[in-house]
Amino acid sequence: MPRPILATIHPDALRHNLERVRQAVPDAKLWAVIKANAYGHGIERVFDALRGADGFALLDLAEAERVRQLGWRGPILLIEGAFEARDLELCSRLGLWHVVHCDEQIDWLAAHKTQVGHRVFLKMNSGMNRLGFAPGSYRSAWARLNALTQVDEISFISHFSDADGPRGIAHQLSVFHTATQDLPGERSLCNSAATLALAQDSQVRCDWVRPGIVLYGSAPDYPLHTAQDWALQPAMTLSTRVIAVQHLQAGETVGYGSTFTAEAPMTIGVVACGYADGYPRSCGTGTPVLVNGQRTRVLGRVSMDMLTVDLTPVEGAGMGSEVTLWGRASNGALLSIDEVAQAGGTLGYELMCAVAPRVTMVVAD
Ligand SMILES: *Cc1c(COP(=O)(O)O)cnc(C)c1O
């Protein structure tokens, strides 16, 4: 028998979450962001459920090829654009739209031989200081692009640093709209957090939104809001089983470093999941977990292939019991990936992207 750990992708949840975004911004076009192999879910596993999107946004050229191979003829946007000049050949061949964020990318376009005009998204660094032209050099970049025969259409894009936090987006929004004021073309600003919380304002919403994390059922602004608050459903379940049971006396300890000590007699379950499966080592004592669909907690340190959980509060639990690390249990109980992530000092984003290759991943029917 294979080791019992399994990641299950839920197409019904992906469809629901996509619909949820549609409801939030009914008159905007929607890029489903599927970078990082669909946030760890697998592009091929999510494609069918997300094909109701208006386009797919990602950054790896090999991933763009996979989306075309799946038969998608609609828009695909490379959100970091070309990494070297010859990447533009693939853009021409596959009809990929691409971000232009620096002068070198314009140089490559100017030297590129192509029959088909490219659709480009000119990126502004409106304050995040990652990719993009500073507001002061944005218009000259636009003029350079606009003069190229290789360029068919220019759109405008920027990215918020604080759509989910108290700092907010007002400054970046004003910088962006001021610098693009009279330039003709479509615009795109919103990630998940901005799409759900701020896009009622048409200046924020613009023509295209770019939701990623919400599609996978994690709250972009946890713990301010939970996935449940946003009516999102988890698109991934990580589950496994109890493979051994130990009965502890008061004063006995658990695992490497003996970091957990039993205060009273208790029963613990040894679970087939460890940091080599992508479950973070930082999710030690106290991290929530479901056993037979009932909430309990991790005890002690997570090791490479195993972790231990408290079975004392879980009636009828023992050898072979179902363990849900995050997602949906068989009895319908949910454990939010955001809550697990927070216990380990990280984000749902990181956990879903980090499920290890040794974990079998299947699509639920
Ligand atoms: C990743 C990414 C998104 C999606 O972000 P979420 O927070 O997952 O919604 C949108 N736009 C850009 C440019 C990105 O890199």
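A Cβ is built for glycine as well, from the same backbone N, Cα and C atoms used for every other residue.
What TrEMBL says about a protein is an automatic prediction, not a curated fact.
Under the heading active site, proton acceptor, TrEMBL lists LYS35, TYR256. The N6-(pyridoxal phosphate)lysine annotation in TrEMBL covers LYS35. Sequence annotations record features per position, and here TrEMBL assigns substrate binding site to ARG130, MET304. Annotation source TrEMBL lists domain 'Alanine racemase C-terminal' at 235-364.
Feature annotations (TrEMBL) mapped to structure.
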residue : record                       : contacts (Cβ under 8 Å, 6+ apart)
LYS35   : active site, proton acceptor : ALA57, LEU58, LEU59, ASP60, GLU63, ILE79, GLY212
ARG130  : substrate binding site       : HIS159
TYR256  : active site, proton acceptor : GLY300, ARG301, SER303
MET304  : substrate binding site       : GLY274, TYR275, ALA276
Assigned element (helix, strand, coil) containing LYS35 (active site, proton acceptor), judged by DSSP: helix
DSSP helix/strand/coil residue counts for the domain 'Alanine racemase C-terminal' (235-364): 19 helix, 50 strand, 61 coil
